[in-house]
Amino acid sequence: MGSSDFSWKLADHPKLPKGKTVAVVVLDGWGEADPDQYNCIHVAQTPTMDSLKKGAPERWRLVRAHGKAVGLPTEDDMGNSEVGHNALGAGRIFAQGAKLVDLALASGKIFEGEGFKYIKECFDKGTLHLIGLLSDGGVHSRLDQLQLLLKGCSENGAKRIRVHILTDGRDVLDGSSVGFVETLENDLAKLREKGIDAQIASGGGRMYVTMDRYENDWGVVKRGWDAQVLGEAPHKFRSAVEAVKKLREDPKANDQYLPPFVIVDESGKAVGQIVDGDAVVTFNFRADRMVMIAKALEYADFDKFDRVRVPKIRYAGMLQYDGELKLPNRYLVSPPEIDRTSGEYLVHNGIRTFACSETVKFGHVTFFWNGNRSGYFNPSMEEYVEIPSDSGITFNVQPKMKALEIAEKARDAILSRKFHQVRVNLPNGDMVGHTGDIEATVVGCKAADEAVKIILDAIEQVGGIYVVTADHGNAEDMVKRNKTGQPLLDKAGKIQILTSHTLQPVPIAIGGPGLASGVRFRKDVPDGGLANVAATVMNLHGFEAPTDYEPTLVEVVDN
């Protein structure tokens, strides 16, 4: 499997023994912030995590999980689960999602690549349709990238452009949709002045239209398909600004859940159905919420819902959303080449591996951990277990999610003594945090803490080692704040809930009866990030990491 310029054989660590069971626990959306009533991790009863923090100060620290530490363009870019798990598994920092797209747009290379040439074939006679999240949240997409894409496409021959918008309210403030739509309408008006027929064709809220993930609810994608492809939706408007303003008048309205709408002309006909000969680009750079629409646009033998009409189109993603499925087949920006992940190295060096989470984060602890690669490196050495997530409800309805089931699977794997590494993701802090329900998020954090205890108790029984960390922040701060850190209030005097990830660092703790005496966190890697965790875990398995990995966080001091 290796190539000539490196070996899969890892050197043994001079001071750390091999053969101990290592549990790697990733708490999703579990950052570190000042304690207050909006810090759900602080409010929740979390005796296990509290004891790790207070128990041995030399075996607990914070690491960076956002911005450049995980390959994103700036320190204002929140971490997310994909880039976080890429970094945790890869042990090196790769240019990621948004940064790859930024580089391709800045250099103009995006307009010279195979993917763009493929869709450009339609510009003469067909319409270019752009589908994606309209916001500057920077987690799934960014408004400035859409603006550069519109500019570049119009300069490269696109004569007729339709934008199908999805409103956010999750990674940005609820209600900000109106401003984003007004900005986009202004840009499209300028294109029309240049003789390009450009307008918004349809829309809807991201959690209700198009952007489902992990095949949780195909109805979400169908609502998008009906509006974008068939030009059919329960709400019809003459302009997108009018649409968003009107739909938000409902007292229960929320950008995330706006119903689907189509824009119609004076005769009531949809202005932007997708038809034979058109080109389609999904402009989100993050993969997880684009895979399902990509399947609907690309697969000939598709059976998840009745598409009614399947136009012959040329379709490209902003990026390839699933490397294993080669989905989509065409894309505007090539993915990072993540090779030689820690999981692959360890399997090659005899480390039997067990990985488990529930559906919503199963791909993170397998596919993303392994460098955007599906499947096993060696089926005889690995076992991956997916526990089905609750479907048909929002996660605040059952905030404990499957934390205890995941922990029990991990416990059984540890006690079986068949595995050297048992790796899990506990999703509660992130998935319940995204709902904005503070009380439910507190319940979710408590459940995650209880799950950690089950795993650590099993490690105690087998004389193993634990590494407990997180992939990014979320549950530790659930309120919007002003520059001085005070909670922001809306017009009614209520606090403005924060549903997004954060820029906070995350904890990492090590311990367990198998941890060699004298192992502690180094003081000379103060800016350590998630990518440093891989070398650390390799050390705890008794190996030295490859020389090009980010340095380990641990050292052994002779007592």
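Glycine too: its Cβ is placed from the backbone N, Cα and C atoms.
For 20-544, the entry in TrEMBL reads domain 'Metalloenzyme'. TrEMBL lists Asp28, Ser81, Asp471, His472 with the feature Mn(2+) 2 binding site. What TrEMBL records for Ser81 is active site, phosphoserine intermediate. What TrEMBL lists as domain 'BPG-independent PGAM N-terminal' is 102-322. According to TrEMBL, the feature substrate binding site maps to His140, Arg170, Asp171, Arg206, Arg213, Arg286, Ala287, Asp288, Arg289, Lys361. Taken from TrEMBL, the feature Mn(2+) 1 binding site applies to Asp430, His434, His501.
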Among His140, Ala287, Arg289, Asp430, His434, i.e. the binding-site residues, the one with its Cα nearest that of Ser81 (Mn(2+) 2 binding site) is Asp430
For the recorded Mn(2+) 2 site, whose residues are Asp28, Ser81, Asp471, His472, find every other residue on that chain with a C-beta no more than 8 angstroms from the centre of their C-beta atoms, and list them by sequence position. Val26, Gly29, Ala65, Gly79, Asn80, Gly84, His85, Lys361, His364, Asn425, Asp430, Ala470, Asn474, His501
For Ala287 (substrate binding site) and His501 (Mn(2+) 1 binding site), what Cα-Cα distance in Å is obtained after rounding to a whole number? 17
Count the other Cβ atoms sitting within 10 Å of the Cβ of Ala287 (substrate binding site), across every protein chain shown. 25
Within 10 Å of Asp430 (Mn(2+) 1 binding site) by C-alpha distance: pick out those among the binding-site residues Asp28, His140, Asp171, Arg213, Arg289, His472, and say none if nothing qualifies. Asp28, His472
Neighbour-count leader, CB within 10 A, binding-site residues: Arg213, Arg289, His434: Arg289
Using C-alpha atoms only, work out the spacing between His501 (Mn(2+) 1 binding site) and His472 (Mn(2+) 2 binding site) and round it to an integer in Å. 7
Return the residue, from the listed binding-site residues Asp28, Asp171, with the maximum count of other C-beta atoms within 10 angstroms of its C-beta. Asp28
Quick one: of the binding-site residues Asp28, His434, His472, which has its CA closest to the CA of Asp171 (substrate binding site)? His434
When the number of other CB atoms within 10 A of each residue's CB is tallied over all shown chains, which of the binding-site residues Asp430, Asp471 has the maximum? Asp471
Restricting to the same chain and to sequence separations of six or more, state which residues have a Cβ under 8 Å from that of His140 (substrate binding site). Gly132, Leu133, Asp171, Arg206, Met211, Asn284, Phe285, Arg286, Arg289
Name the one residue among Asp28, His434, Asp471, His472 whose Cα is closest in three-dimensional space to that of Arg213 (substrate binding site); these are the binding-site residues. His434
Integer Å distance between the CA atoms belonging to His434 (Mn(2+) 1 binding site) and His472 (Mn(2+) 2 binding site): 13
Between His434 (Mn(2+) 1 binding site) and Asp471 (Mn(2+) 2 binding site): CA-CA distance (Å): 15
What number of additional C-beta atoms lies within 10 angstroms of the C-beta atom of Ser81 (Mn(2+) 2 binding site)? 27
